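Among the features that Swiss-Prot reports, ATP binding site is placed at Gly30, Ala31, Asn32, Gly33, Val34, Gly35, Lys36, Thr37, with the record citing sequence analysis. Taken from Swiss-Prot, the feature region 'Disordered' covers 379-404. The annotation compositional bias 'Low complexity' is assigned in Swiss-Prot to 380-390. Positions annotated as compositional bias 'Basic and acidic residues' by Swiss-Prot: 391-404.
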Amino acid sequence: MYLSHLTVADFRSYRWADLELTPGSTVLLGANGVGKTNLVEAIGYLGAQQSHRVSSDAQLVRFGRDRARIAGRVHRGSRTVALKVEILPGRSNRVAINRGASVRAKEGLGILRTVVFAPEDLSLVTGEPGGRRRLLDQLMVQLRPALGEAAADYERVLRQRNALLKSGRGSRRWGPEEDATLAVWDEHLCAAGARLLHGRLHVLRLLARPLQEMYAALTNGSKAAAYAYESTVPLARGTHAEVPAVADLATDMRRTLEAQREEERARALTLVGPHRDELALFLGPAPARGYASHGETWSLALALRMAAYDVLVADDPDPDARPVLILDDVFAELDAARRRRLAALVHRAEQVIVTAAALEDVPEELTAHRVLIRQDAEGSEAVAAAAPVEGDIREPRREGGADG
């Protein structure tokens, strides 16, 4: 698949931008700070309705506006789909397909599949566990969009359960009524948590071999990459040739919650569940976090994203379904050998979008099509322009000020 056109309005620093794209490789070229990353973030969001950079949609809307809009024309073989997403922080996104009426947001998932690698992905190796959990959950939803509801249900129930625990902290009012209410939330938490755990473990089982192969390809096989899932739910721990059943995971989670009841009351916090879990990464026998060199960290983070790409390709073997691959400011950080190896790995994608500040950083075979991104005299960002996507987003009238 590929994206032939992208239009954004009030997204990040962009008041309005319109970009024509082609199959094959495209380099978005421009100085640091002109908005290259904002454009590829918009492409990723159009497909997943999630940013690869931030967890809050509010940060995606241009300052002073109440919504942002992204539209694109997606091609999969002979089929073309016009997809539009309106980002409304604090509310559900509005999604339209082929200029039709708005549909449920989840119906827009899967039309455009993307895999994005960006410098922020170093935190997948060096950062806190939340980033690695997010990686698993994003891939899980791309594979099975319906599981997005399980993740949302889990977060909602977790907030309610924590609120109940906090309401009884240090209070003598905790009694049979509170116990009964907590038991109800336990059931909801275990039901949603078990589905989320099952989805994550399924993703990890699919990732294991591609992760090893991609890291070996990027580093010439210097060390073996591996993982272990460290869970507060004992049945979910380790690596799994077979994923435990949802019912078994729910039973084990319920049992563990009961064992932690007094500690949870004392701390007014839910201590058991997928929100507390960790994906531990290893290079050889050593944990990657804290032990990997800078080059190894880059290679492992890249291998994680490229392995995710392989998982999506295997999920739908139709060549026309291969995700769009986005490499955001990657090549400047790689030595010549790693650049060559990465360039050799991306050829399977029908479309590769690369951002760079200097063209010489990008392997020549990936520079077939170039788009210059700049800032005009007024400070607003400008890109190569073409006709809007089916008229979905029109350039707004200027309002007296330029955007930085």
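Each Cβ is built from the backbone N, Cα and C atoms, and glycine gets one as well.
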ATP site shell beyond Gly30, Ala31, Asn32, Gly33, Val34, Gly35, Lys36, Thr37, criterion: Cβ within 8 Å of Cβ centroid: Thr355, Ala357, Ile373
Cβ neighbours of Ala31 (ATP binding site) where a neighbour is any other Cβ within 10 Å: 11
Greatest C-beta neighbour count within 10 angstroms, which of the binding-site residues Gly30, Gly33, Gly35: Gly35
Cβ contacts of Thr37 (ATP binding site) (under 8 Å, same chain, 6 or more positions away): Arg53, Ala118, Asp328, Asp329, Thr355
Distant-in-sequence Cβ neighbours of Lys36 (ATP binding site), under 8 Å, six or more positions away: Leu28, Leu29, Gly30, Asp328, Asp329, Thr355, Ala356, Ile373
Ala31 (ATP binding site): secondary structure state under DSSP, collapsed to three categories: coil
Protein Cβ atoms within 10 Å of Asn32 (ATP binding site), excluding its own: 9
